[in-house]
Amino acid sequence: MANSYFLPLFLSLTFISSVSANFQRDVEITWGDGRGQIKNNGELLTLSLDKSSGSGFQSKNEYLFGKIDMQMKLVPGNSAGTVTTLYLKSPGTTWDEIDFEFLGNLSGDPYTLHTNVYTQGKGDKEQQFKLWFDPTADFHTYTILWNPQRIIFTVDGTPIREFKNMESVGTLFPKNQPMRMYSSLWNADDWATRGGLVKTDWSKAPFTASYRGFNQEACVWSNGKSSCPNGSGQGTTGSWLSQELDSTAQERMRWVQKNYMIYNYCTDTKRFPQGLPKECLAA
């Protein structure tokens with residue numbers, strides 16, 4: 001029987017509210033020349049972008065499977081050309097990566113939430129969504145759950161995408177390379193807004209995104225070893241390591257995809273004239 005998705009998620013959110021995340025302890029700002037700042041004794045982090053540079057940070061830990069929660073408030077107003085990211089990534093030229101990318105837009109137009117999965121340097125598995133709320137008005141929780149069987153993207157506890165381990169049909173799945181959590185705010189007006197037609201309005205700079213509530217339930221990878229039993233945690237029950245979407249969660253995900261999905265590589269027959277990827281046909 002599938003483990004219930006929402007009860008563990010509820011417990012996780014309860015944990016976030018009762019135990020303060022500490023960015024000073026858990027992450028390091030890696031670029032931006034002062035444009036990334038940790039504030040309020042480690043409870044808040046901000047990234048800024050101006051015409052000179054953006055900024056970014058990364059987790060101090062590496063993970064081989066994990067459930068990562070982050071509360072984010074995106075760039076308000078005219079955010080066209082800006083991209084705010086939250087993702088997991090391994091180093092090297094044949095890297096693994098799990099992406100949330102938030103593509104800014106003109107005032108009054110919704111953000112585009114772009115998701116993707118890379119394995120051994122190969123991606124092209126995009127799904128894009130509009131959100132059902134204003135992500136700039138307040139903090140919202142974005143979650144990447146990554147275990148040996150699946151990757152689940154959720155927004156405020158609602159699953160929007162599931163990428164299953166489909167190695168049985170020849171699809172690569174990220175399961176062997178430890179990844180860090182990264183986030184950045186940068187300018188991509190050469191492609192991000194309407195294919196690069198709308199440029200960044202630098203009179204609105206600096207652009208700022210805010211973060212709080214970082215929570216990591218994960219198999220921490222250190223010195224070539226995992227903190228989880230048996231290396232990857234396979235066989236562990238009652239946790240994110242064996243978590244699946246129950247019927248209620250599957251129904252909510254279908255609701256999101258029906259009403260808010262704006263691109264799905266699995267339905268793009270023009271992009272794949274020789275036939276859709278195998279995982280799309282087997283899903």
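Cβ atoms are placed via backbone N, Cα and C, with glycine included.
The active site, nucleophile annotation in TrEMBL covers E97. The active site, proton donor annotation in TrEMBL covers E101. Per TrEMBL, domain 'GH16' is recorded for 1-211. What TrEMBL records for N105 is N-linked glycosylation site. Residues or ranges marked as signal peptide in TrEMBL: 1-21.
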Restricting to the same chain and to sequence separations of six or more, state which residues have a Cβ under 8 Å from that of the residue listed as 'N-linked glycosylation site'. S79, A80, Y111, T112, T193, V198
If you average per-residue pLDDT over the domain 'GH16' (1-211), what number do you get? 91
